[in-house]
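Colleague: Take this structure, written in structure tokens, and hold onto it; I'll ask about it next.
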Amino acid sequence: MAASSACLLGNGLSVYTTKQRFQKLGLDRTSKVTVVKASLDEKKHEGRRGFFKLLLGNAAAGVGLLASGNANADEQGQGVSSSRMSYSRFLEYLDKGRVEKVDLYENGTIAIVEAVSPELGNRIQRVRVQLPGLSQELLQKLRAKNIDFAAHNAQEDQGSPILNLIGNLAFPVILIGGLFLLSRRSSGGMGGPGGPGFPLQIGQSKAKFQMEPNTGVTFDDVAGVDEAKQDFMEVVEFLKKPERFTAVGARIPKGVLLVGPPGTGKTLLAKAIAGEAGVPFFSISGSEFVEMFVGVGASRVRDLFKKAKENAPCIVFVDEIDAVGRQRGTGIGGGNDEREQTLNQLLTEMDGFEGNTGVIVVAATNRADILDSALLRPGRFDRQVSVDVPDVKGRTDILKVHSGNKKFESGVSLEVIAMRTPGFSGADLANLLNEAAILAGRRGKTAISSKEIDDSIDRIVAGMEGTVMTDGKSKSLVAYHEVGHAICGTLTPGHDAVQKVTLIPRGQARGLTWFIPSDDPTLISKQQLFARIVGGLGGRAAEEVIFGESEVTTGAVSDLQQITGLAKQMVTTFGMSEIGPWSLMDSSEQSDVIMRMMARNSMSEKLANDIDTAVKTLSDKAYEIALSQIRNNREAMDKIVEILLEKETMSGDEFRAILSEFTEIPPENRVASSTSTSTPTPASV
């Protein structure tokens, strides 16, 4: 009897016949079906075969099953049908003598039974029976019926060694390949910034290169920093016409360091020089040099300057250089600190043995105090340009630049806005006009009015406007608190003038008193500083005098923080106390956390006690003056509070007019009515 075989991998069944004839398909010749052996032990099968071999086995099994389903059992036309049979039906067939042969697998738990099926016209049916176990009773019954039965061991398919090797390696190769593709995609290898050579390109510079920079910014767009702009215009002129300078022996500056607080236009100046110079321009952030891999930062510095030298003359702009140029030798990370290696390479490239002729490095930072001294020396950064907050003229010029695309009502004056915004940076002024435009659009206006400008200034300085308080003790307390600030400030010689008093909450403050700061905030006298302490304590003094010492509230917490810091500065920084003209800044005053940890406090215990005593003396003296002014002007305070509770906002002119009816304002604190349109500095509760 010829045979063909198929394998059922799922249930461990092997079907063996001798030959197949595809008569129903109209085929005249016989064909043999490839024999596929399968292990009946699933755990061993999964452990020995790989993913690729499993797919091949399943495909072959499917072909075998299709072939065997249409085959005849033998040449006499006796068919074989494959199916399952329950154990109870198997016992019934056994009792009736219909069982011809039994093959036992899996330690007697699976039986392949050849039985005569009446449903198939007494043809032999080959079925699979799940046995509860190989019992002695079943064996005795098989012997009694003289049935041919045999037990078989599980057969292992050793297969081809090459296929087994491929199967074993398929999953690890697919896993590693998938991880590699994911790393390339996340690092830019699939079209991102990393490039197709990742990770080989990890040491290459990430600087953005522009052969013909088109930043959309020129020197005409930069205002309020005339000194810095002049320095950059000289650099641009040197790049365009170097012969004018080399004829008299001048050399081009190797580096320009921009130093200033945030928002003053350092990056804007870099964009302007890129748009004006007409030479290749490289731009990169200091944080892009340092990675988690050792040596990457130094490698990127080398690659950056290599590209720059190939395109010289050119400009390299490093934004936030303090990320890589921090002072060395702090002991943090030791001598192998990655940042120090990167900085060492940067120092070498800027002014080392080889030099970098034709490459101008422009860097920006707002933390020049923590930069390494070797980085700041001439030859590396020949010029240090200070970009501070603009003065009145600078603010006016900046407002003209940012107001070009905005519509204003006829009563709006940019000069007045500039006067009202001392201490505002260029970014603050741009944000101010943008907020005013948003408010105008929200209110359905076609042009920006002074009302939107006022509200925008209040919003930027003090925060969002809150819900107005309802009448009651809390509102009355806030009113007395704010009027206390205003009265003590107005009656103390040297204090800033009151701009307005309001009970409209903004941010965390439930009420605000706005003052007009001095024209030059960089030069402040001892009298002015002490007057600010008195004015700051006026709110707490008003609460104590009006409501009693036991009714003072936490509303003065921010005032106390400000006046304590100001008094400490007068003693330790400005030398304005009985201790003498000493600068006594301790380690806690250091701006950098590492320097703060490394700094040694050389102050003696007695000197520290003297400082605390001097600070307390200043505060106590100021508080006594504030209490005296509140007690002596109780009638004026009650009148002003009554009007303020009704109107909720009072201008500085109106406040001074009412106060002058009850007491005399010091001559130096008297202001003209027009000044009330100047800038606010809030004192809040």
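For all residues, glycine too, the Cβ spot is worked out from N, Cα and C.
Keep in mind that this is a model prediction, so the values were computed, not measured.
I grabbed these lines from Swiss-Prot:
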TRANSIT   1-37  transit peptide
TRANSIT   38-73  transit peptide
TOPO_DOM  38-161  topological domain 'Lumenal, thylakoid'
TRANSMEM  162-182  transmembrane segment
TOPO_DOM  183-685  topological domain 'Stromal'
BINDING   Gly260, Pro261, Pro262, Gly263, Thr264, Gly265, Lys266, Thr267  ATP binding site
BINDING   His481, His485, Asp559  Zn(2+) binding site
ACT_SITE  Glu482  active site
Colleague: Counting across all protein chains shown, how many other Cβ atoms sit within 10 Å of the Cβ of His481 (Zn(2+) binding site)?
Modeller: 29
Colleague: Near Thr264 (ATP binding site), which residues of its chain come within a Cβ-Cβ distance under 8 Å, counting only those 6 or more away in sequence?
Modeller: Val225, Val387, Asp388, Val389, Pro390, Ser425, Gly426, Ala427
Colleague: Around Gly265 (ATP binding site), which residues of its chain at least 6 apart sit with Cβ under 8 Å of its Cβ?
Modeller: Val222, Gly224, Val225, Ala228, Val387, Ser425, Gly426, Ala427
Colleague: Radius 10 Å, atoms counted are CB only; among the binding-site residues Lys266, His485, which position scores highest?
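Modeller: Within the set of binding-site residues, the most crowded position is His485.
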Colleague: Which of Gly260, Pro261, Gly263 has the fewest nearby Cβ atoms, counting only those within 10 Å, among these binding-site residues?
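Modeller: Pro261, out of the binding-site residues Gly260, Pro261, Gly263, has the fewest neighbouring Cβ atoms within 10 Å.
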Colleague: What three-state class does DSSP give Pro262 (ATP binding site)?
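Modeller: Looking at the DSSP assignment, Pro262 (ATP binding site) belongs to neither helix nor strand, so coil.
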Colleague: What does the structure give for the C-alpha distance between Gly263 (ATP binding site) and His481 (Zn(2+) binding site)? Integer Å is fine.
Modeller: 34
Colleague: If the ATP site is taken as the center of the Cβ atoms of Gly260, Pro261, Pro262, Gly263, Thr264, Gly265, Lys266, Thr267, which further residues of that chain fall within 8 Å of it by their Cβ?
Modeller: Leu258, Ala364, Asn366, Val387, Ser425, Gly426, Ala427
Colleague: Measuring Cα to Cα, how many angstrom lie between Pro261 (ATP binding site) and His481 (Zn(2+) binding site)?
Modeller: 34
Colleague: Of the binding-site residues Gly260, Pro262, Lys266, Thr267, which one has its Cα closest to the Cα of His481 (Zn(2+) binding site)?
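Modeller: Closest by Cα: Pro262.
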Colleague: Quick one: of Glu482, Asp559, which of the recorded positions has the smallest count of other CB atoms within 10 A?
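Modeller: Sparsest of the recorded positions Glu482, Asp559 by Cβ contacts within 10 Å: Asp559.
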Colleague: Same chain only, sequence gap of 6 or more: which residues have a CB within under 8 Å of the CB of Pro262 (ATP binding site)?
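Modeller: Those within reach of Pro262 (ATP binding site), by Cβ under 8 Å and sequence separation of 6 or more, are Asn366, Ser425, Ala427.
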Colleague: Out of Glu482, His485, Asp559, the recorded positions in the record, which is closest to Thr267 (ATP binding site) when you go by Cα distance?
Modeller: Asp559
